[in-house]
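K.L.:
Before we start, here is the structure in question, set down as structure tokens.
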Amino acid sequence: MESPIQIFRGEPGPTCAPSACLLPNSSSWFPNWAESDSNGSVGSEDQQLEPAHISPAIPVIITAVYSVVFVVGLVGNSLVMFVIIRYTKMKTATNIYIFNLALADALVTTTMPFQSAVYLMNSWPFGDVLCKIVISIDYYNMFTSIFTLTMMSVDRYIAVCHPVKALDFRTPLKAKIINICIWLLASSVGISAIVLGGTKVREDVDVIECSLQFPDDEYSWWDLFMKICVFVFAFVIPVLIIIVCYTLMILRLKSVRLLSGSREKDRNLRRITKLVLVVVAVFIICWTPIHIFILVEALGSTSHSTAVLSSYYFCIALGYTNSSLNPVLYAFLDENFKRCFRDFCFPIKMRMERQSTNRVRNTVQDPASMRDVGGMNKPV
């Protein structure tokens, strides 16, 4: 998919939003509406499509959405990372994976201002180096996020279905090692994005695009190959693993009443499993539309109507919105995160509440608070 500054040749359109450059064909999320010529080059001068008339309000709306994603996502994910580092009780295996997910989401939210500028200016004005960095962050986010969610699901499966093995496998240290391996694995794609990414002047429309640069004579081949690889390795296989893990967990949860030795541990186990399931489900809901859209476009089955293009932009925005949703989910679904968030945001209020609770506990903790002296109970 070309990363055209214009979705259709002949009329200005949104440029390749580099942080949307998650799927290749010069690795833009924007589909290659311009057809390739016989040599594989994209958008030849003799093959032009009628432009779709996109409302000027669409870039403004997208910019507003990305602004919210930027603020909520960056602040929220930074807060998640802070409380995991700050509070010892939060350094569990599951939370180590959550830290990794928050790091990837926080990084990708930093690209939102650049995306917004590209939508509004219809060109990439930030230079070649920043273009490479932004594209690389996109790829890192895409692969580290889905790989981390997959490992979180495997971690939950082991905790629920193999509690004895979980004692050795589910440790914070091993979770950290797995996170490092995830980033190293994602680097095979992220570093490639740095090498291939760059700016290109589109003289026919007088704009600059930021995208992966493939040889023109092999463009169509690389386009299809990269799209299929991304779809299979960054979506289909991880989602299938997640589905298998949660299917086995559901069967296990239905077959036994008590998973661990105590009801409190069992309740915590089910609560954390539910949290991970919701986070995974929201991720899949947010990213499935754009993956399907890209796959359909790669097969040449999309029309070039205004409605289709508008839907495409909505799918892109929905995918990036996921980066700001996870901190909200933690705050509502996990009591430990909720308590730590409140402790950070309202330290004085929380300190006063703890002092009040401690005073109440001290007054009722010992029923023998009266000492019998001379046949009479007197306060000590």
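Count begins at 1; order follows the chain as displayed.
Here the Cβ of each residue, glycine as well, is placed from N, Cα and C on the backbone.
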K.L.:
If you check the topology given in Swiss-Prot, are A93 and I348 found on the same side of the membrane?
P.N.:
yes
K.L.:
I want to verify the bond table. Which candidate from C181, C210, C229 sits on the other end of the disulfide that Swiss-Prot records for C131?
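P.N.:
Between C131 and one of C181, C210, C229, Swiss-Prot records a disulfide, namely with C210.
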K.L.:
At the level of the C-alpha atoms, what whole-angstrom distance separates C210 (disulfide bond) and C345 (S-palmitoyl cysteine)?
P.N.:
39
K.L.:
Looking only at C131, C210, C345, which of these recorded positions has the biggest number of Cβ atoms within 10 Å around its Cβ?
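P.N.:
By the 10 Å Cβ neighbour count, C210 comes out on top.
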K.L.:
For the topological domain 'Cytoplasmic' (86-95), give the DSSP counts of helix residues, strand residues and coil residues.
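P.N.:
With helix first, then strand, then coil, the topological domain 'Cytoplasmic' (86-95) has 7 helix, 0 strand, 3 coil.
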K.L.:
Can you tell me how far the Cα of C131 (disulfide bond) sits from the Cα of C345 (S-palmitoyl cysteine), in Å?
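P.N.:
The separation of the Cα atoms works out to 35 Å.
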